[in-house]
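Q: What TrEMBL records for this protein is below:
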type	residues	note
TRANSMEM	133-155	transmembrane segment
TRANSMEM	167-191	transmembrane segment
BINDING	H187, H333, H337	Zn(2+) binding site
TRANSMEM	203-223	transmembrane segment
TRANSMEM	235-255	transmembrane segment
TRANSMEM	262-283	transmembrane segment
TRANSMEM	295-313	transmembrane segment
TRANSMEM	334-355	transmembrane segment
Amino acid sequence: MHHHLRRHSQSVALSTSLANALTTPHTRTRSHSTSTCTANSIATQLFASVNSKIKEIEDADSTGFLRYMDDQVHETWDSAKAAVVGAQRLLQFHELPKEWQENEYVLSGYRFCKGTRGCLMSIFKIHNETMNIWSHLLGFVFFAILTCLTFVSFNRHFPEATLHDRIVFMTFCLAALKCLFCSSVYHTFICHSRHTIKSFTATLDYIGIAILITASVLVTEYYGFYCHPVPKIRYMIFTTIVGSAGVIMPFFKLWDTKEYRMLRITVFLSMAFSSVVPVLHLITKNGFFSTMSFFQEAAISVAMYLLGVVVYINRFPEKFYPGRFDFAGMTSHAIWHIFVCLGIYFHYLASMHFFDQRYSYGCSGCMIAQA
């Protein structure tokens, strides 16, 4: 009897243990789920608290150093990520780091290279900068050959040319070559993952534009007032000072930003329009038709530049058909490049015309010698 009671007691204990075993997993699952939710909630609150505290510290930092460092970390991460993808294929606009996003109407075909070698090799590939690179690279080669041929035959055509005549003409030719070459370099390295390299080549490009504009105006003033040294020197000094602003400003970091695009255009246009004053001076002295006859090719050159700027400002045609002209970069920038090449060529013809007129008529003939 006593033995049976003990077995019964063991059976009850076993049943109780079995029941507990069957119910325990469910209880543990609920407990685990509850603890997970609690942990996630705590982590979220902690993360928000840390972010809030970091923001407070950044706002309290008057130097902006912490915010700068935070931006640098994000920029480095975005650049590294884009470089990994860019090694495999061309990128979409939205895949570029923010600092490389310049024309939102060009949607695809972007390079993003980790090193210099990748940038150089991309010259021979098709992407949305192909036309930008080759339009000025071929223009550079063409004008370099033209300049060499001109100076080889210079003594034969203009034996009486003075040293100053040669220096002024050479300055224009070198300025044109520098502009074309630096533009090609910039568009080659615009895809470099290191922003400092992109920014440096952009600075070279802007300086090239400023020097070309300045040299073009100087040639016009030099021959327009060839026989009148006082106004000639005054105008040339003024033009050089204005041109210096265009050379100095690209060294400021904000100059090469999307937000200051219109300011850059305005500064360069102002430099070009500084030539209006000496031309008006010549018109008042010699009449409109005589002056325009002397500056005929130069006027065509100015028209080429202005047409290119109009296309560039309005971002035609990609603004009206986003993504349609991404292939090989048949965009407003490439069209502007072509107009720049035409402008340089016609200004070269104008310079040769200035030489010819001065050595044909001197300071006592017709044209505008009596300014």
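Backbone N, Cα and C define each Cβ position, glycine as well.
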Q: Sorted by position, what residues of the same chain at least six away from H333 (Zn(2+) binding site) have a C-beta under 8 A from it?
A: N103, N132, Y312
Q: Under 8 angstroms for C-beta pairs, at least 3 of them, ignoring pairs fewer than 6 apart in sequence. Is the transmembrane segment (262-283) in contact with the transmembrane segment (203-223) by that rule?
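A: Contact between the transmembrane segment (203-223) and the transmembrane segment (262-283): present, because at least 3 Cβ pairs are under 8 Å.
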Q: Using the centroid of the Cβ atoms of H187, H333, H337 as reference, list every other same-chain residue with Cβ within 8 Å of it (recorded Zn(2+) site), in sequence order.
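A: Those within range, site residues removed, are E129, M131, N132, I133, S135, H136, S183, G329, A334, W336.
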Q: Within 10 Å of the Cβ of H187 (Zn(2+) binding site), how many other Cβ atoms are there?
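A: Taking all protein chains shown, H187 (Zn(2+) binding site) has 27 Cβ neighbours within 10 Å.
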Q: What residues elsewhere in the chain lie close to the transmembrane segment (133-155), defined as a C-beta under 8 angstroms and at least 6 residues from its ends?
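A: Those are 123, 161, 166, 170, 173, 176-177, 179-181, 183-184, 187-188, 334, 337-338, 340-341, 344-345, 348, 352, in sequence order.
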Q: When you scan the chain for residues with a C-beta under 8 Å from the transmembrane segment (167-191), skipping those not six or more beyond its ends, what do you find?
A: 86, 100, 110-113, 116, 118-120, 122-123, 129, 132-134, 136-137, 139-140, 143-144, 147, 150-151, 197-198, 201-202, 204-205, 207-209, 211-212, 214-216, 218-219, 222, 337, 340-341, 344, 347-348, 351, 355
Q: When you measure from the Cβ of H337 (Zn(2+) binding site), how many other Cβ atoms are you left with inside 10 Å?
A: 26
Q: Using a threshold of three or more Cβ pairs below 8 Å, and leaving out pairs closer than 6 in sequence, do the transmembrane segment (334-355) and the transmembrane segment (235-255) count as in contact?
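A: Between the transmembrane segment (334-355) and the transmembrane segment (235-255), which are separate recorded stretches, there is no contact, as judged by 3 or more close Cβ pairs.
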Q: Could you give the residue numbers and ranges of same-chain residues that sit at least 6 residues beyond the transmembrane segment (334-355) on either side and whose C-beta is under 8 angstroms from one of its C-beta atoms?
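A: Non-local partners: 131-132, 135-136, 139, 142-143, 146, 150, 157-158, 161, 165, 169, 172-173, 176, 179-180, 183, 212, 216, 219-220, 223, 226, 294-298, 300-302, 304-305, 307-309, 311-312, 316.
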Q: Quick check: in three-state DSSP terms, what is H187 (Zn(2+) binding site)?
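A: The residue in question, H187 (Zn(2+) binding site), is helix (DSSP, three-state).
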